[in-house]
Structure formats: C-alpha cells, structure tokens
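Enquirer: Pasting a structure below so you can have a look.
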Ligand SMILES: [Zn+2]
Ligand SMILES: [Zn+2]
C-alpha cells in the first residue's frame, strides 16, 4: 500500500476512532514497514504541554545527585581499598559514569535547559569527565537522530550493505560481532567511526562535521585533552594502579553500558524491523523503528534512557518527562510502539537478546528501499569465502 493510500485510510479511520485507537485497524498481521497512518504532528499533539517544558533547576538537581554519588563512591573505594569492595565499586561507579553521560546527552540535545551556555558548560564538564568529546559526539548524535533507520545516512550502529560487510576482514568482523568486543566499541567508534565509514570525532576536518562546527569540535577536544592530562598527572601522583582501579575500570563499565544500551535501542526486537533507503525513508518511519527497553532498577539511575522511541522523535523533551510523554503517545502510535519486555530488578533478559541479535543481524541487501537484517552463517570463516 502506498503512503498516500495509507494516509487516506487514516483519514477514513479517524472518523471512527474506536477502530483506530491502540492498534492499526486491529490488524493482526501487522507490517512494521508499512507507512504509518498517522503523522508526527498527531503524536506531538497527544503529548501533554508540560512535558515540553525544560526546568534547568530540576535538570541541575540530577547533576548534583549524580556528582555527589560519584564522589561518595570514590571516597568509599579509596578508603576501604579492599578486593571485597572493588568489584562492587566498579559496577556502581561505571553505572554512575553512564548516568553522567545521559545527562550530558540531554545537554547536547538542548533538553537540559533553554540556555545554550548552561547546556554547553554542563555538557562539557560531564562528558569531558568521562572522556567524551562533547561537541563532536553531540553533532554525530544529532546526525543519528535526523537520519535514524536510513541505511546510508544513519550514524553509529548502522547496518552494513552486503558488499561492505563482505569486504570486511576477519578482525573487523570479530570486533563488530563477537562478544565481548562490540561491548567496548565506543572509544573505537569515536576515533574511527563505524565499518564502511570514514572520519573521526577527534578530527575537526572530518566528514562528520561541517566547516562551522570546527571551532566547537576543537573546544571539546581541548577539554578532552585536559582530562587526559589530569589522569596522567593522577597516575604519577597517586600511582597508576589506584588510578586504574578508581577511574579506568569504571570507565570500561561505562563503555559497556553505552554500547549495550545504544545497540539494543536499534536492534534485537523479536520481529525484524525495517531499515530504509531513498524515498521510503522518513523521519517518522525511521524513528518508529527504534525500540524501548526496561532496565529494571537502572531505569531511574540512568535517567529513563529506555524510553527511546519518543526521545528519538522529540529529542527536545527532557528525560524526566519521557515516561509520561511515552504513555500519552502510545494510543496514537498503536502497534508501531513495541512495548518493552518487563524486566526484573536486574535486566538479565537483555543479555540473550543482545547475544542472539549479534549472531543474526549482520548485513542488509545492497539494493531495495525497505530492507531487513540478514545472517551470514559463515561469519568467521571469511578467508574461505574471499
Ligand atoms: Zn538512537
Ligand atoms: Zn539522543
């Protein structure tokens, strides 16, 4: 069915709201790649007005909360300096680094406050502290939002066309698909981008950025270098072992959180979801293929990052309104919203989803405007096929 026909059927169905609400015409054989019978304006209209209001005091209160916890954990770990405490500290502090990242993500979207200076200052402090180049990542993340679901233009965990996939050596395939390597992809992504793409977040002349971004990218790079210098200095003053235990391991745990969460928001739904090219892609269709997740007790700690669908479509909504905004939008989105599987306190159910998606979702067809992930059964015997 063409998008225009779908739109017509939406008009007709809207006259009979009972039939439409909470599902696409009650169809069971739902096709997630069909053009949605609603517009983005319909979703926007369903979200209460107060959800769009940014409260800088409230945003800052989360920063204070997280920073206090980070320093309290740091002090406790340094005080006890015991192998009984270190593993607990690493998981807790790595999770807190990830929470700081999410607040910096709000700053990057301008959902932290309406004051760009406040957003940029807080964003630089939070992201530099965890070795993220604030503006560089902010800009590439914006590209991700604006092009999500587009095989050619999306950023970060983009599906590779078959010909790109087939050209990869065994080393890149291992790094991209064999656990544990993809769990530590983020620093590599910052430096080298994704397989099949060129550019670096640390190069102001990179194809990731436009010429007017250069100054911003350089500013963030200076902050990033300052943090590296501080860590090197700490290693000399306090010792490299303690610096690694206090900062290095939590940094690695943070990277795992980031990679797992960002991957699962775009992969691993039980029904295969479409990726688009050319005219079939639209901001709405691409955005609707993102997936919400329930992270159990971590939902609150990581600022409800699991409410990804509405965040993707409307990144200007502050994180503390996303749960409510999602609830309000669901009746409009109907079956295009995929209710996340309920988690226990610890979201262990996601491990299986992650592992099987990495085993199955390897590449998409070189052609076609609506494509789905395909599996290479001989992924690691690349030499035989080349
Ligand atoms: Zn996303
Ligand atoms: Zn975002």
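Cβ coordinates are placed from backbone N, Cα and C, and glycine is handled just like the others.
All annotation found in TrEMBL is predicted automatically rather than curated by experts.
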Enquirer: Can you say which of 151-169, 246-264, 265-283, 284-302 is given as transmembrane segment in TrEMBL?
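Expert: Checking TrEMBL against the ranges 151-169, 246-264, 265-283, 284-302, the transmembrane segment one is 246-264.
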Enquirer: Could you tell me which of the ranges 98-116, 117-135, 174-192 is annotated in TrEMBL as transmembrane segment?
Expert: 174-192
Enquirer: From 5-23, 24-42, 43-61, 62-80, which range did TrEMBL mark with transmembrane segment?
Expert: 62-80
Enquirer: When you get a sec, could you say which of 196-217, 218-239 is annotated transmembrane segment by TrEMBL?
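Expert: Of the candidate stretches, TrEMBL labels 218-239 as transmembrane segment.
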Enquirer: Report, as numbers and ranges, which residues of the same chain sit near the transmembrane segment (62-80): CB under 8 Å and 6 or more residues beyond its ends.
Expert: 86, 89, 92-93, 96-97, 99-100, 103, 122, 126, 242, 245-246, 303, 320
Enquirer: Report the mean pLDDT of the predicted model across the domain 'Fatty acid desaturase N-terminal' (7-75), rounded to a whole number.
Expert: 78
